[in-house]
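Data block below; observations after.
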């Protein structure tokens, strides 16, 4: 009952199989906008880079630690986000994450030293980004089966459209009202995460019961209720929040078709309701660390993450250092974001084909990503950087929208262990998230 009360008002969606749609489309829209206000803002932070260097009189390396700490906290706290999601539900955790993200960004606008930003954006917002992103992508994977790759890829383009729109918009806003008020505006805008987090309705998948058994159970329950009118029996399920009582007005009959689904649900609840002596499932399953497939995939993600954030953070300072105008340098970031959209959607369509070994496709994409990173070192003017930005954007898009959902594949851990695997996987990535930008 305690966990039931902690849930928000609406009940869980109960399906007999993975819906591949239904309320999942609302969850996909939520994930799109959560991406906009999480990774979209992180990747756009490069527009503030030179302003922070001038205001705090710091080197680019010390400024880059703001995003490094943010990404580290985002990934390092993934197991905590998984535990809280399993304990209190995905919706509540995402809404809390939205408040933390906004609070950290607003506090950063009042920073007087770069160390203040390490705490505000790095720790507070970083924790909020994790609480917002991870539960959303996890519950989206549970709503889709056959369409999982393509839906996740398309929904994850939110961060790409955010970079495309925010980079020039924030640049223009910054010139009018200054970087502090621009950062304050971004922080208030991120409160929208709370609204979209409220749409993440829990999902329960269980097989349908036999109709004959349903009628039998229905009659037995009716007889039991009539013989014990003064007795109240509460059948509670942590997952669905359904409560049936023995009040005479709630007595079902086999002739009432509207009440048959309740009896069906009741029968499932009675059978699946855990006994006091039974062991409860752990909030975070570390048994996945014994699986060789997961260990290999986690190491794959560890090294792939090194190249995720550095180019978007440094492309504007790099362009300015080569004599490119600031507005044109911001256009490079927007172009990179558009190319990433095509990369994500293209990867989604390819991985949605059956049969195909998705792990091998992902590996090819990472190899091409390393080629695109090397290409940046040979660019000396605007069009060279433009070509590198398009190439990199497309390749990082193929991986960024698919590397976490691929955990649900049988090649790695499967959908049953997806929640715990995502938390541990992103935790392992934290080392690369912290080291990537300063190394670059």
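Including glycine, each Cβ sits where the backbone N, Cα and C put it.
Note that TrEMBL annotation is computational and uncurated.
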Worksheet entry | Of 62-85, 206-229, the range TrEMBL labels transmembrane segment | 62-85
Response to the item:
TrEMBL feature transmembrane segment, matched against 269-286, 359-376, 377-394, 395-412, maps to 359-376
Worksheet item: Of the listed stretches 92-111, 117-138, 294-316, 359-376, which one has the most C-beta pairs under 8 A with the transmembrane segment (328-347)?
Response: 294-316
Practice prompt. Answer yes if the transmembrane segment (179-200) and the transmembrane segment (21-42) have at least three CB pairs under 8 Å among residue pairs 6 or more apart in sequence, and no otherwise.
Written response: yes
Practice prompt. Kindly state the mean pLDDT of the domain 'Major facilitator superfamily (MFS) profile' (24-440) in the predicted structure.
Written response: 77
Worksheet item: Under an 8 Å Cβ to Cβ limit, what residues of the same chain, 6 or more beyond the ends of the transmembrane segment (359-376), are close to it?
Response: 297, 300, 304, 307, 311, 318, 347, 350-351, 385, 387-388, 391-392, 395-396, 398-399, 402-403, 406, 409, 411-412
